[in-house]
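Listed in TrEMBL for this protein:
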- 25-401: domain 'Major facilitator superfamily (MFS) profile' (DOMAIN)
- 58-83: transmembrane segment (TRANSMEM)
- 90-107: transmembrane segment (TRANSMEM)
- 113-133: transmembrane segment (TRANSMEM)
- 145-165: transmembrane segment (TRANSMEM)
- 171-195: transmembrane segment (TRANSMEM)
- 231-250: transmembrane segment (TRANSMEM)
- 262-282: transmembrane segment (TRANSMEM)
- 289-307: transmembrane segment (TRANSMEM)
- 313-331: transmembrane segment (TRANSMEM)
- 343-369: transmembrane segment (TRANSMEM)
- 375-394: transmembrane segment (TRANSMEM)
Amino acid sequence: MAATVTNAETRTERKARNRVIDPRQLGMLMASHTVDDIYQGAVPAIIPFLILERGYSYTAAAGITLAATVLSSVIQPVFGILADKRHMPWLPAIGLLVAGIGIGLAGLGSAYWQVWCAVALSGIGVAAYHPAAAKAARLAAGTSAQGMSWFAVGGNIGLALGPALATPLLLAFGLVSTPILVIPAVVMAVVFLAFNRRVKERMRSRAGTKTKDVEPQTDDWRSFRWLTAMVIMRSIVYFGMSTLVAVYVIKEYSASKAIGAAVLTSFLGLGAASTVFGGWLADRIGRVVTIRIGYTVAIPALVFLLLAPNTTLAWIAAVCVAFGIYCPFSVQTTLSQDYLPNHLGTASGVTIGLAVSAGGIFAPVLGLIGDHFGLQWAIATLLLGPVFALLLSLRLRDRIHV
């Protein structure tokens, strides 16, 4: 009887500890994250039209992609440092507005440098959004890993919506229609600024509570560096799978393009669901354990993908890989913030921005391996990602700051 009561009390305490502090604010941040990442997702949709309508070479098109991804990711830690040094709850609204304006201008420029600058401007806006928004989301979510997972999944939804919104518009009206894409950013920026007072009050309340009730907290930079290396490994697998899995299924199993696209959609769709599940699981068994489970699943799933005898089993394997690499996604961000409690913006900027860009930079290397040795070798190379990520996770420990 006593043991039952103790277990009930433990569950109650766990629920209280993992309670989201401000669900309404977190929901708004999730929605704004969706809108912001629409503009990241729109860039790949615009590229084919630049090639067809403007006659861009593949190299020139790759330059546009780099402007949107690598530049944005490298700048994100700078905005993270700014978010730590200054109280700027309005920065996410300005960031997503700039992201929208950049994409809106991308189709209007006639010269290559104009298009490049417009896309780079959008990337800077995206970079400005993430660290401050992730910091605000953490304050709204408290210690709830699942709360942060909802913020993270907002970005996943936005990346998927970007091509879905941009492609039909560009097919119907061409590149001159890109200014229409600014509308979601304008609407969301207005909504975000309407909540600005509430954000400010919440951050002041949390800051005041920390000063009164909690001892000064120290930053664990060593663990943060291990975590950053692990995030880089995860990023390489994510970009590699996103780039190659559809082509792999089409080439290796003589599948149709529709099947290849369906496999990629399943990979991304289950990934979004796994992000939320990972947060839920972390609240119950711990974040580091959840991370290790994810990468442990990813390793045999990749092996199964290489050995699958038919399209159906390859499809199942790809979905299992998605679970393995998405389950730790939002959990890694909250852990980074707890390793650097005095630098939440910096932690977010590095783990969401700089570390993630490494995967994009490594993607061309996988392409070269595929060109010279075959797609199976490219997929096999990805096996190193979860293996090293799992080994790096052995250096990590949970660290919770309230």
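Yeah, the Cβs are placed from backbone N, Cα and C, and that goes for glycine too.
Same-chain residues lying 6 or more positions outside the transmembrane segment (90-107) and placing a CB less than 8 Å from one of its CB atoms are 29, 32, 35-36, 39-40, 42-43, 46, 49, 79, 82-83, 114-115, 118-130, 132-133, 136, 170, 174-186, 188-189, 192-193, 196. Ranking 58-83, 145-165, 231-250, 289-307, 313-331 by CB pairs under 8 A with the transmembrane segment (262-282) puts 313-331 at the top. Nonlocal intrachain contacts for the transmembrane segment (171-195), taken as residues 6+ away from its ends with a CB within less than 8 angstroms of a stretch CB, comprise 25, 28, 31-32, 35-36, 38-39, 42, 46, 49-50, 53-54, 90, 92-94, 96-97, 99-101, 103-108, 165. Between the transmembrane segment (58-83) and the transmembrane segment (145-165), fewer than three CB pairs separated by 6 or more residues in sequence fall under 8 Å, so the two stretches do not touch. The transmembrane segment (289-307) and the transmembrane segment (375-394) are in contact, since at least 3 Cβ pairs between them lie under 8 Å (pairs 6 or more apart in sequence). Tertiary neighbourhood of the transmembrane segment (375-394): same-chain residues 226-227, 229-230, 233-234, 236-237, 240-241, 244, 247-248, 251-252, 288, 291-292, 295-296, 298-299, 302-303, 305-306, 324-325, 366-367, 369, selected by CB-CB distance under 8 Å and a gap of 6+ residues from either end. Here the transmembrane segment (113-133) has Cβ contacts under 8 Å with residues 29, 32-33, 36-37, 39-40, 43, 46, 50, 54, 63-64, 67-69, 71-73, 75-80, 82-83, 88-89, 91-92, 94-103, 105-106, 151, 345-346, 348-349, 352-353 of the same chain, all six or more residues outside its ends. Segment contact holds for the transmembrane segment (343-369) and the transmembrane segment (231-250), given three or more CB pairs below 8 angstroms at sequence separation of 6 or more. Remote same-chain partners of the transmembrane segment (231-250), defined as residues 6 or more beyond its termini with a Cβ less than 8 Å from a stretch Cβ, comprise 256-257, 259-261, 263-264, 267-268, 295, 298, 302, 305, 311, 314-315, 318, 321-322, 325, 328-329, 332, 336, 351, 355-360, 362-363, 366-367, 370, 375-376, 378-379, 381-382, 384-386, 388-389, 392.
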